[in-house]
């Protein structure tokens, strides 16, 4: 598929933007030669002529002593003080963060600190041959003291910055230490290392504006893996900070044209003093005192970055000016050359000349998809939607909300690790909506005492019955169970009336190629509220599920808050929805099969559902779709764009010879518009719905009714076995001869 905006983890686009800018910055900063001083003066002159940004800019100095970065065999650190592994983040197209596990992994540097302190007290020096980062007496990590040959002071820079290291700068202690303490460093975490020590990001220099938009970044790396630890000595911090400010003004990462701030504040006292003589050269006013808190505003948060790239060459917007195609306005290009190259691609069905009128039609649906009843609809459907700021401003930083954001969960957040099985204490704590809460009051009102008297076909109807205000963001999480509800109550009766699904008292549903929806498994409890007299079994199937969850199942019951564990038969939890149930009790069974769908064994389901499927992005669909063709059960799938629906139809035709129904907008789609890197098309989670149209059996005409493949009509008389028939003929011929 050409576009992966609705399927790729947004963190990967964010990381590609950060490392792309950092790689460009490192290359330009590391240039050496006789004209270095002249280049600095030329850059300063250029910055003094830039227009002024009325917003305040902030230079953050952020220590890190907890997380290390381990590079696998697939990624080698590049030259200089940077991450050479960054190249695969932009050049390749991994879809999920777990796809990077062979290349990059994050390790904790906190384990074994007690043992390290004992080693430091005893004076052991087993690991002096390797560069390590150890906590000093104040608890801050001490970096190495090697000077980088690539670093150079800007003109007029004081030659002895260490003489000023006398006061303040609590956050900067992680980046400034006495060289004598680095001469003999004990080996850290002996016995836990595999082959090489993890890289340690000892300090992060970050330039933002007062609204949180990231404008520049510099990573001070220490460690023993390759040469990435060079250039992080303590005397290099002030020159690197000054160089970072210059490049952030000349080439801002976040957005906008080159500009200089009206005023700059620094988050470290000592660095603030060292920059007092340098920053005025750029025509920028430095604040009188350093910043004492995380941000100048209580609600400060890093804004979402739209990692815009050219569709052909993948260069970012901070490198080139990107403009959409003048005809369809859907695809971004850096210039005429990339537009012409994409227009003339071969074969013709992958060229932009083939797709341009189709993409123009997709763009016309943007207004329809943005038509939602919520009070915040204008904000969240905007192309510049800042999701992180939206969630943080509403206190949605814990529980299931962390699955939607790149924000760090708040302290004490009850959440399970991403991609792992929810723990018993979280799932079965007596409140099925615990993980849907934010920092404020309860977001989900009590369950209405009476079941719904009519079927819901819109968010407006559901919110009214459920007692939710139109300012509630719960639709972002409830899009999954409400989509299942819409399929059961509206789409299956329309497309497959012969199944009479609305009169069934139990339903077995397979959720194929499950991913994020399994991480939000408790939101499906709402199905028991909407369909109180139906016993539901949801089986999540997919090789992306955690292997330790394979073959696990648990049952959620609605008759009390007790929790019980039955050995050998899964987990049974009795959750309270706040009301007494009228009529017979119905349960929700959850089963997990961590394998591709075509390898699943078991009884045939009543219904198959897939969320944001992306048939063309995973090879297992070429086997799973024929499996569905053989089962011939109703199979409904959602997509985040019409483009994905077209690609799914083509994949279905290749895999089975069948197709898909015309996609229709999902009234229970997520209201959050998804980020798109190389295009301007509207992408929403669960935006469109379609069902599979199976290839007719041999000799059939129209599409047969779903269900088991029709058997051949029985013959008038059962044929006798071939051997008996031959045996009967032989005696007959012999009798004639005897007569």
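Note that the numbers count up from 1, one per residue, in the order the chain is shown.
Including glycine, each Cβ sits where the backbone N, Cα and C put it.
Residues 556-586 are the range that TrEMBL records as region 'Disordered', among 494-524, 525-555, 556-586, 587-617. Mean pLDDT of the predicted structure over the domain 'MYND-type' (310-356): 92.
When the domain 'MYND-type' (310-356) is classified with DSSP, helix, strand and coil residues number 16 helix, 6 strand, 25 coil.
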